[in-house]
Amino acid sequence: MKLRLFTSGILGDDKRSMETTQDLWFFRIVHDFFATFEGVSVYQKIFASHFGQIALIFLWASGNLFYVSSQGNFEQWVSDPLHTRPIAHAIWDPQFGQSAVAAYTRAGASGPVTLSTSGLYQWWYTIGMRSNDDLSTASMFLLILSVLFLIAGFIHGYVPLFKPSLAFFKDAESRLNHHLSALFGVSSLAWTGHLIHVAIPESRGQHIRWNNYLSTLPHPDGLAPFFSGNWSAYSTNPDTFNHVFGTSNGAGSAILTFQGGLNPQTGSLWLTDIAHHHLAIAVLFIVAGHMYKTNWSIGHNLQELVEGHNIINGRFNHKGLYQTVNTCLNLQLALALAAVGTICSLVAQHMYSLPAYAYMAQDYVTQAALYTHHQYIAGFIMCGAFAHGTIFLVTEYDPEINADNVLARFLENREVIISHLSWVCLFLGFHTLGLYVHNDVMLAFETPEKQILIEPIFAQYIQAAQGKSSYDFNVLLSSSVSDAYLIPTQSANKGIWLSGWLNSINNNTNSLFIEIGPGDFLVHHAIALGLHTTTLILVKGALDARGSKLMPDKKRFGYGFPCDGPGRGGTCDISAWDAFYLAIFWMLNTIGWVTFYWHWKHLGIWQGNTKQFYESSTYLMGWLRDYLWLNSSQLINGYNPLGMNALSVWSWMFLFGHLIYATGFMFLISWRGYWQELIETLVWAHDRLPIVLWPEKPVALTIVQARFVGLIHFTVGYILTYAAFLIASTSGKFS
């Protein structure tokens, strides 16, 4: 058999010589819709993909429901949520030895299982599910919905009769009407209905299903108070603090309340408060969706509304913004991602401070996993918002349409914005690191009393104003003689509007308002440094994307060109891709600090020992030794020469995550000549083995490609490593 020489493609005597390993990188334009589709088809394809996205979400939920109903222990967990570990699914692995089978056979299972840390058990329990039949029925329902949405996506994307016109996509008022009223408003109203008719009765021991749904009143008075205007009747007689969730013991009859705080039995928000919240959201959004002019000649015209916005004698006006937002898809996506990213971070906060799901506050591993998961997701989404905002400025921004409006002035004043952000980053960085390093030196020289410890008195004052009494500020809700405390009645318990608030905020077993000290002060400023630096990089990358002071106009460069040093004319100054690339590292860095802080603080609260955090968090060695190293000890002993335990999979993942993370640096710190030699060596090796021929011409990675590969490895390894550490160190203490 004649071997094909690996040089044949290079020499040009092979008809496939035009093919190179660069072909692998065609996926980089997979989201460049305008290069792939024309005109209205771009909008139609995006619209159709939304149905596919929803179908995937339903399929994911359906799969979880199916696995738990068939392989989980939902019914056993329901009977004792505090002492039963939830099972995600069974494990069938022929590589398991006897000790592995024994270690992973837990939570009452007959064989090896994976435990659930997703909070799904708590969610399903809270919304009224109680049996495996409930789960399997819901699974089938969502599977059918998923198929229907896939069909809808196909019809709207590929069947000419059902493809929407361009006018449909440009009709902003109708889109707002549909999104605000139908998607947000009606779905919130439907969820309120489920909570009132199914979840709240179930939490009080009353089983509601299709056979008695229409014959059982969710409130003793039915709809009479609604039609008579006596709406307060729905909030009278709420559940007591002693109510045992899932039973009638201590249950009330109220369905829409404003108690505030957390249920002391479940550690979660009151279900009747949640129902009230969703009803209010429904009313607000249904009304908001009908404020704009659609089929009738009433309501606001959005363009007139936006362009009528003149501030300071016409400066900073909004003329041209309506047309810009309504025609520029990257700007629309950037705004949507910015909003969703912020909401996702807020969800992470609520997962621990105001948990909506019963008994999730007592499942520490799940709380830690959900908080960390949502913060990382938020970081990626918000960086994506800046990336698409930058692509908008490079490819879609029209200076003539936006002449002298607020967007144009934002670009004109970019030097001031960037310099102020830069100053803030320098201030935060030098001062925060200076304090940490000073404290490290004092500990190293055995004079801890010389540490600089700053009490966060302003933050403590804000907590005290909300009712936190441990600081002895005696201000507003933390003072029993304050008007805020006494109004509207003189009763100490019911004087404030949210009667359950003071009980919850001063309960040190929850995370509602956690006590803070000098360690918190320092790490808050470290996190502020990370946030501002990430923002600086992203904002500068966006504002200088089309051209900077050094290079006035490089719009034709596009978005994805590298920062290649001053030798090529200083493209570092305006490489938007490079700014995004660098910002991802800072985003990961910042979320690392956030999750370290959150986890260490909560380990102390959960274990009833907050002193270690207060004493060790004021200097860097404390973080490295008493948080990272100390909490790694169980993890790295998941398997050793003497055997293994149930943490072994996390130990392996911890090691593997480090490997992926470290591999990233091979791509990030290297010369391109090295890549050319390496890839040619690989192709030569392939050609020596005739069954694995490599037809393409070997071409090294470009700068952008190598950085992209390195960034992906760095990111995946970074997150896998911390995920393993987080779950293993928490479950090792509270299993």
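Positions of Cβ are set from backbone N, Cα and C atoms, glycine also.
Summarising the annotation, Swiss-Prot assigns transmembrane segment to 46-69 (among others).
Look at Swiss-Prot and you will find 135-158 (among others) tagged as transmembrane segment, backed by sequence analysis.
A Cβ distance under 8 Å defines the sequence-distant neighbours of the transmembrane segment (176-200), meaning residues of its chain 6+ beyond its ends; these are 126-128, 208, 213, 218-219, 255-256, 271-272, 274-275, 278-279, 281-286, 288-290, 292, 294, 302. Annotation source Swiss-Prot lists transmembrane segment at 176-200 (among others), citing sequence analysis.
Long-range Cβ contacts of the transmembrane segment (274-292) within its own chain (Cβ-Cβ under 8 Å, at least 6 residues beyond either end) map to 172-173, 176-182, 184-186, 188-189, 191-192, 195-196, 200, 235, 255-258, 299-302, 356. Residues or ranges marked as transmembrane segment by Swiss-Prot: 274-292 (among others).
Residues or ranges marked as transmembrane segment by Swiss-Prot: 329-352 (among others).
Annotation source Swiss-Prot lists transmembrane segment at 368-394 (among others). Proximity of distant same-chain residues to the transmembrane segment (368-394), defined by a Cβ-Cβ separation under 8 Å and at least 6 residues beyond the stretch ends, is recorded for 117-119, 328, 330-331, 333-338, 340-342, 344-345, 347-348, 351-352, 411, 534, 538-539, 541-543, 545-546, 555, 558-559, 576, 579-580, 583-584, 587-588, 590-591, 594-595, 598-599, 602, 719, 722-723, 726-727, 730.
Annotated transmembrane segment per Swiss-Prot: 416-438 (among others), in sequence order, evidence recorded as sequence analysis. A Cβ distance under 8 Å defines the sequence-distant neighbours of the transmembrane segment (416-438), meaning residues of its chain 6+ beyond its ends; these are 410, 451-452, 454, 522, 525-526, 528-529, 532-533, 535-536, 539-540, 543, 618-620.
The transmembrane segment annotation in Swiss-Prot covers 521-539 (among others), and the record cites sequence analysis as its basis. Residues 383, 386, 417-418, 421-422, 424-425, 428-429, 431-432, 435-436, 454-456, 459, 579-580, 582-583, 586-587, 589-590, 593-594, 597, 617-618 of the same chain sit 6 or more residues outside the transmembrane segment (521-539) yet have a Cβ under 8 Å from a Cβ within it.
Residues or ranges marked as [4Fe-4S] cluster binding site in Swiss-Prot (evidence: sequence analysis): CYS563, CYS572.
Marked as transmembrane segment by Swiss-Prot on the basis of sequence analysis: 579-600 (among others).
Residues annotated as transmembrane segment in Swiss-Prot, with sequence analysis given as evidence: 647-669 (among others).
For HIS658 (chlorophyll a B1 binding site), the Cβ neighbour count at a 10 Å cut-off comes to 15, with all displayed protein chains included. Sequence annotations record features per position, and here Swiss-Prot assigns chlorophyll a B1 binding site to HIS658.
According to DSSP, MET666 (chlorophyll a B3 binding site) sits within a helical segment. Under the heading chlorophyll a B3 binding site, Swiss-Prot lists MET666, TYR674.
Positions annotated as phylloquinone binding site by Swiss-Prot: TRP675.
Positions annotated as transmembrane segment by Swiss-Prot: 708-728 (among others). Packing against the transmembrane segment (708-728) from elsewhere in the chain are residues 117, 365, 368-369, 372, 376, 581, 584-585, 588, 592, 595, 599, 628, 631-632, 634-635, 638, 647, 650-651, 653-654, 656-668, 701: each is 6 or more residues past its ends and has a CB under 8 Å from a CB in it.
Calculated from their C-alpha atoms, the gap between HIS658 (chlorophyll a B1 binding site) and TYR674 (chlorophyll a B3 binding site) amounts to 23 Å.
Beyond its flanks by at least six residues, the transmembrane segment (647-669) meets 100, 103, 632, 634-639, 701, 706-707, 709-725, 727-728, 731-732 of its own chain at Cβ-Cβ distances under 8 Å.
Its Cβ taken as reference, TYR674 (chlorophyll a B3 binding site) is surrounded by 11 other Cβ atoms within 10 Å in the chains shown. For MET666 (chlorophyll a B3 binding site), the same-chain residues that are 6 or more apart in sequence and have a Cβ closer than 8 Å to its Cβ are GLY710.
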